[in-house]
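J.: If you scroll down you'll find the structure; I have some questions about it.
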Amino acid sequence: MRTGQQYLESLRDGRQVYVGGELIDDVTTHPKTSGYAKAIAEYYDLHLDPEHQDVLTFVDDDGVRKSMHWFLPRSKADAARRRAYHEFWFRHFQGGIFTRPPAGMHVVMYAQIDDPEPWGDNAVVAGGRTISFADNIRSQWQRVTTDDVALSPMFVDVQFDRGRDDALVETPMLSIVEQNDQGIVVRGWKAMGTSLPFVNELLVGNLWRPGQTSDQTVYAIVPVNTPGLSLVCRQSNATPDADPYDHPLSTIGDELDGMAYFDDVFIPWENVQHIGNPDHAKWYPQRQFDWVHIETQIRHAVHAELIVGLALLLTNALGTNNNPIVQSQLADLVRFRETCKAFAIAAEETGFTTAGGLFKPNNIYVDLGRAHYLENIHNAVNQLIEFCGRGVVMSPTKADFDHPFLGPKLEEALRGTSISARDRVSIFRQISERYLTQWGARHEMFEKFNGTPLYLVRLLTMQRTEYQVDGPLTDLARQVLGFGDTEALAARAAEVEKNSNWASVAYQPEYAREQDVRDGYYKETEKV
């Protein structure tokens, strides 16, 4: 395990990082980026703190103590241990304001190290070369876990023309432009990654789209300081010069999302995981992100808990907590939180062991839990804001409270039920920045789209479960109706169709003409 200082030193490697059009010389010191870099340095240091050793670390098979972000669960107890680990970080980072610490990104490799063979078996390599991609993945895993490398996955491609399947070949997405005995050369864009300026290596891949070509199918690990690689990040929402009382979240930092441009970047074969087969991109990446979504579900439960806590503190401070209507609304928030947590526990309780020996929480309950969160989070946040009333907008600043004339008067006017004015306003300011600012809007958009949008979560649920007409969920209904199994239903339908007039003459012009004549729609002309 490395220290926070070692982590910061690893970021001073000549990387090309642009934030809001500005080239950042040193992400560890620049005001737009230093806050988050320091937060992740603290992340690494806390792993070395003996007080948190049992929660944040484990001892591997060789007797080496490592960070839990490399821990491969092999039992239900291991899955619960990982949940406790993720919960620690989401609580530490203010209820999940940083959505992609290293703990949330390294899991992308879990599915690969669990079952590396298909990544090589499915590959298509030019020139008759034989590359052992499975061995590459094993070596990469050994290296990144030993060196405690910070990774960020980049699988999303640029939004070009999504109205045509054949438009994908025209996109400037990342593609292979050359294969040789040493490796591959790639050119183009990867469209989305989180915490890009603050990691050591990118794990690039694809989420399949219609029309994807062989050259566009690339999975590899790429160091961030590789020549020709540029990171283009969105404008930072960090406010390093503000007072933490006024901006309790953005003063901590901004994890930053960005794009990556590869200008004829060389990737040696040992860093490549798979190339050449678009069909591979249809299924295996989803298995990778199943592990990410487990972490996402845990974050959702922690965030829901924060909303409940803020609501209880707020309504108590306002003196509205005993109002029957408010109590009913608070009960809705509590139910939201408990349901989110219940899905996480259900996923663990009904998990299964993979072919590679990992214990994987049931992805169906993970997806159902994510859908429940996305369907209800807006109502929960809106309810919290309604509890605030005008206070969430009319909140004095620290300078107002510190003013010799205004301060005492504000303290008197804004005091609450057994709470000082400053503390009461701090609740409003937390809610305001978290949900009503550009900083908060980015967080909302991340949760809405990072783990696939809601409609796709629902679609995946239907594709990956027995929720089908011939599945076990229709057993009781068929029994009640006396239908028997689906084969019996189909046999009866075929028998009826075979003996029916409408089936035997379907689409026959003679039959259709007879009906028209019979019903007076058509009059036969007499032959002369």
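From the backbone N, Cα and C atoms, a Cβ is placed for every residue, glycine too.
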J.: Of the candidates T130, T194, T437, T486, which does Swiss-Prot annotate as part of the FAD site that also includes P153, M154, F155, Q159, F160, D161, R162, T461, M462, Q463, R464?
T.: T194
J.: How many other Cβ atoms sit within 10 Å of the Cβ of F155 (FAD binding site)?
T.: 19
J.: Please tell me which one of the binding-site residues listed here (P153, F155, F160, T461, Q463) sits closest to G205 (substrate binding site), measuring Cα to Cα?
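T.: For G205 (substrate binding site), the spatially nearest of the binding-site residues is F155.
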J.: Using only C-alpha positions, which one of P153, F160, Q463 is spatially nearest P102 (substrate binding site)? These are the binding-site residues in the record.
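T.: Given the candidates P153, F160, Q463, the nearest one is P153.
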J.: Across the listed FAD-binding residues, P153, M154, F155, Q159, F160, D161, R162, T194, T461, M462, Q463, R464, what is the farthest Cα to Cα distance, given in whole Å?
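T.: Those residues reach a largest Cα separation of 29 Å.
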J.: Just give me the nearest neighbour of F160 (FAD binding site) among the binding-site residues R100, P101, A103, G104, N206, Cα to Cα.
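T.: Closest by Cα distance to F160 (FAD binding site) among the binding-site residues R100, P101, A103, G104, N206: N206.
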